[in-house]
Structure formats: structure tokens, C-alpha cells
């Protein structure tokens, strides 16, 4: 496994190379996706059905067979074993509790002139949630996307999930039932994104689309951005673990591997000022790489994108962490809370030795949809705020408007906008 | 001017046609912009200077001549006439006051198991503000973009503004001084967006780019989205005025014209249940179209995209307004506040007869950068929240983690993520 030290002559260059990851915009892919979107807009349901038969080998012969009933969702939920149902319920309840704290309310105030100003907060009318099918079909993703929308008060939550060969993960349907999803269509790919963005005879047009997907889905989301809102385009998953003092090297190694098993391009970085701990973690990673079911994926991820970084001290680590702006950050030390105050950029911060990243993926409460590839510099975890929007409120009184109208008149004249100036002037010369 | 009535047989079709406005994605434009971005990344300052000499006919011969000093900004401010300086200061103070109410703080709570959960809020490190040059160079836009960033606590605000032939609007520089802009470069177009997104030797790389621009700027912002954050891609300006009861037709007409004068594709829509008021407003619009300095622009806007819509009653108007999701909405009636409670989608709502939209453009306090083209369905005015981001906080106690780790273990096994399951298991089997 790659070892770096901040004492290396060319450390900054090596570290920058480690972080470099650029998604290539394949022009052929973009052309294909643009064509799918245009065709779905022109032909609607018929085309979505045809592509679903073609790409997903779905046995449906009519479009209505692509919609699941609430009874089917409930059936999937009722069929769960006790331990799985309890785990799913505990996760859903905790996610709901955390996200309720994010809900924002409107406010107004009256200024010194007697004018009322404020901000109104409303939920979106209808949102679409993309859930990947096949191997990466995760019930936890259903909870993490649908519950914030539900807490925000979105009346209609439309879920799409491809069903290769007509097959579905029942746990995904159970999660949809639990999370309050309104309707489920078993479609996927760019055609599902296009159908949600523009609507078809059967699929209602939504206002925002969230959720992860393959490169066709990512390209389609980027293409419909503006027509509808989207969440971030997700890159590969990452974890950065910082540890100092007494630590269990085996725990740390497994936390790093829990990201590495996601994807061959996932990134696991370990930072410590403790050379012995660094070597102990390296050894545990090697030994577990032998016996993990997803060893092949994890090995490639660790070999190509993983790193063990030796730093002089905590201050140097803080600097590197803020440079990375990691999706997941574990701070495994006694002073984890104090150190977290120095972290400016991270999707989620897991503090102390008893907070493995994996519990954040499922049931800690905060969202597991987090900014990747350094985008924590400017973006946030998926949250209730993604399903609410604001309107400004302004109400002037007959007296209160005079000062403002005079000011607007003066400035509008400077900008050569005469109708603006006159419109304001009417209110103070009246 | 176009007149519609909800009683018309084909009203919904006519209304949908009125609202239809799609920006064409010109493939040639995208290719040009992609090339500019690639060249700026490869060649840096030299290329930005060359394009600025070429496109803006700027007389600078070295890159350093493209940066303004704080002394130049202060000089512009000191040179303002008293009335303009006072107007700008009043506007800046009110914008700052309103946006301070938007600032969000972090929070934490301890759950029933003894685990700490929360949300940390931090400002972005560095943002770029694009200010158009030439005709549409508005000092009010400087205030509306820079002040929310400043209130959020962004330490570095980098402004770019093209200076055709080396000429600048001094009021734009004065506004930059007043709003707390850190550095100003006189560059524009796709090259300015590329320089901000990737950084050059001289121009620091930013985390987010906001502000309006021409189609090159819009295409470049879309292209760098993901590398940096961006605000919405703005469409043409719009106003929707609803009036009933006692109203001054001349005031209403001028409010509609104040948007029409912005752009030939701007949209002004008047809705009322009062046929007489509708005709009175139509007449006043016609008469003012004769004497406005920007009559040519306003005439085209009114002829091509304007409309007077007669509705049966207020309930019908509310339905239409929510369908439009207008950027600016005026509610000119006695019960404006009650009616505003029924509005689900609008950028800003101006209530009562003494609240012309124009005061919102300059000095009411709320932001004038608002969602256009129906995007108020899912997005918000530019605000302090655009310059802050959140990190989730999770800290489990040794006892508190046990229930969560067991739950994560169960769910991770269902998702076939064995390293996740083991990482969780270590914490409750220890």
C-alpha cells in the first residue's frame, strides 16, 4: 500500500496526484443520452417501455406493468424477517428524527420604516428519486433520499428503480413502503431521468431528481439540470481516517476497507503522526484483503487510490484534511471534538473511536448522500433543505415605501433603467 | 397587447404557449466554450490576457494591469455624488440587514442512546462573483452577490468584470468597495469563469461562482459545475402582477414595463378578474411605450411575451400563478398577505399597492437574484445559504454505539457489504 510522508521532498506533488480524479466527459455518451432524452420527450411511455425492454430485458408488454402498487410495497415489507424489519425501522426512525431538526421555517420582521420583510419556506410539489437496480440496489439509499423529502413535506415522491430481467430486491420495496414513497416505476437509465424531468402520459413530471446512478444517469441528470433541480453528481466514495494515541489497528483497517469494497476507484486514506500505528494498520489491511468477499474490488481500490500518510503532528493533518475536503472523515483520538472545530470541509465527521463510518451509512441518522471529490468545499449532505425552497416577502406601507422608492429611483437612473425609476417615483410623489 | 381569458375554449394551450421558453443549446457555442476552458487550464494568465485583448479590446499589455487595487475601488466610492453615495449606502445596509437574518448556525443533540449528532455550518473559503460589463453593468448586482457572501463569512470574494476598451462603470467599483469585495479583475466571458474555476498563477481558484452573464458565461458556468459550485443559470427576467379592487392603472402599467425594459425576451403578465382594470392597464402600457427611453426593447417584450389575462376570480389566479412560478410576483389587493399564503412558487412576492418590484431590485433588502423560467418550483433566491455549507457530526459513546452497530451489521449484510458489517460488528462485540 502506498506510503507518503509530509517530510518527503515532493510530498505536495504526490499528494495532489493521489487526489486527482477527473470524470471524462465522453462525447459519445453525451450524444446517446441527449438522443434518449429527445426521444422520450417526443414519444413518451411507448419509448420508455421499449428502452426498458431493450436495456433491462424487462418482460413487461404494457407500460402499466412497469408500475408497482402500494400493496406490492407493503407485501415486501410484511415479508421481512423480524431482525431485518426491526433494523430497517430503527434506521428509518433515526433518519427521520435527525432530518426533522433540519426543517426550516419562514420568518418576517418589520423594519424601522414600517415595512414588512421576510422569507417564506415551502416544500417542493413533487420529486423523483433514482434508485440503482441490480448489484448496487441499496435499501439504505431509498431511506436516505425519500425520508428528507417526506420530512420536508413533499406531497408526492416518485421512485424509479430498474428491474433487470424484471427482478427486484424486495428490501428496496420494503424501504420505499417505510419511507413514504408515493409511486414506484421499475424503469432506470437516462430514459427514467428524462421521463421524470419532462413527464409522460403515465409518469408525472417532477420538480427535482435526486439519487445516485451509473454514468448514463449522471449524464442525463446534468442534461436536465435547469428543467428540474438535481442533487450533486456523485463521484466515487471516499474515506479519510485520522488517528493518534491509543487505537485498535484492526478497527481502523476495516473502516478503511469498508469504503474500498464499494468500488475499484473508491479512495481510502489513513493519516497519522504515529509510525507504528501506520504500519499496524497497513498490516491489518493486507491480512483482511485476503478474506473479504469483495477482496478483488477492495484490492484494486487500495492499490490504485489508497494511501497511508505520515504527518509531523495534528496541525499538519488538519491542513491536509481541509485540502482533501473528504466525503467521510473519521477522527479517532481523545480530542476529536476539539479537532473537528478546525475542520472546514468534510461531508460527515465521525468522532471518537466508537463511531465507524458504516453506522453513518445506515442508521446513525444523518444522511449518507454526501459531497464527494472535494465538493464538500462548497456543498452539503443531502437534506431536508434540498426539498424546500424559499420565496422573499416584501410589503411596504404607504409611508414606509417613500425612502425606499426615492433610493430606488436614484439608483435606477444610474443604471439607465427609466421604467424602474418611474415605477418607484410614483410611490413617493403620490 | 395579447389578451387571454380563462373562459377561452383553448385557454390552457394558449397560456402554455405564452410561458414556453427554451434556451437552445448551441453545439458550436459549447465547443467554443470547452476550448476556451481547456486553453485557460493549459496556459493560464497568458491566455486570459490574450482573450481579454481580443474580445474586450482591452489595452492592457501585462496581466497585472488587469487587477484593480483597493485604492482604485475606494477612489471610485469617494468620488460619488452625495445623493448616489447615500442611496448606495442605504441599499447596502438594508441588503446586509435582511441577509443577516438568513445566516444559519450549527446544532447538536444527544440521542436517547447517548450518542451526539449534529450539523456544522461553515462559510466557503473563496468565491467568485461575475459582474457583466458594458451596458448591463449594474452596481446593484455587485451588492446582491457580494453582500450575502460577506455576511456568510466568506474570507475572500473575487470579482471579475469585463472592461470593454478598458472602460469601467465607476459605480460598479464603488459598490465593490462598499460590499467588501477582496480583489477585482477586469476580465470576463468564458475565460474569466475558467480562470476562477481552475485558478491561474495570478487568479486564485474559487469554490463557487455566482452572478449573471451572457450565453458564453452561462455555458461556461454549466461546464465547470462540479469542479466548483454555481448559482442557477438565469433566464430572462419576468414579472407577474395580480390586481383586484381599487388600483392605480398607471402604477401597474409601469411595474409591468419595468421588467419589459430589461430585455426583448423579458416577460410581463398582468392577471385580474376586473375587465375594466385590464383595459385601463393596457391603455397605460400603450401610452408609456411611446415615451420610455428603452421603448424599443419594451415594445418587443410586450408584443412577443406579454399578456393581459382575465380570470373569473382570485382562486383561478392563484392556480395560474402557481403554474407560472414567477420570478417576481406583485399582489395588488387589500388581502395581499392572505393571498400570499396560497402561493407555493415564486422568487419574490411583493404585497400591497405600495410595493413596486423596482424597490426589490435595489434596496428593499431581499436579494434580486431570483429563480427564473419557472425554476422557483425548486429553487430559491440567492442568499447567505448559497455561501455556507454543512457537515454532519456523529459521535457515538462506547455504550451508545452498540444498538447502532448491530443495526448497521444487519443491514450491511443484506446489501452484501461485508467490510461494512465487520467494521460495525467490531464495535458491539468488543
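The chain as shown is numbered from 1 upward.
Yeah, the Cβs are placed from backbone N, Cα and C, and that goes for glycine too.
Binding of substrate is annotated in TrEMBL for B:237, B:259, B:262, B:328, B:415, B:420; the matching candidate from B:125, B:207, B:361 at the same site is B:361. Among the binding-site residues listed (B:191, B:237, B:259, B:361, B:420), B:237 has its Cα nearest to the Cα of residue B:327 (active site, proton acceptor). For residue B:259 (substrate binding site), the nearest neighbour among the listed binding-site residues (B:130, B:191, B:214), judged by C-alpha distance, is B:214. Among the recorded positions B:191, B:214, B:327, B:328, B:415, B:420, the ones with a Cβ under 8 Å from a Cβ of chain A are B:415, B:420. Proximity of residue B:130 (NAD(+) binding site) to non-local residues of its own chain (separation of 6 or more, Cβ distance below 8 Å) is seen for B:160, B:161, B:188, B:192, B:193, B:196, B:209, B:210, B:211, B:212, B:213, B:217, B:221, given in sequence order. Residue B:420 (substrate binding site) falls within a helix when secondary structure is assigned with DSSP. In sequence order, B:408, B:412 are the residues near residue B:420 (substrate binding site), counting only same-chain partners six or more apart with C-beta under 8 A. Sequence-distant neighbours of residue B:214 (NAD(+) binding site) (same chain, 6+ apart, CB under 8 A from its CB) are B:132, B:189. DSSP assigns residue B:328 (substrate binding site) to a strand in the three-state reduction. Residue with the densest Cβ environment among the recorded positions B:327, B:415: B:327, by other Cβ atoms within 10 Å.
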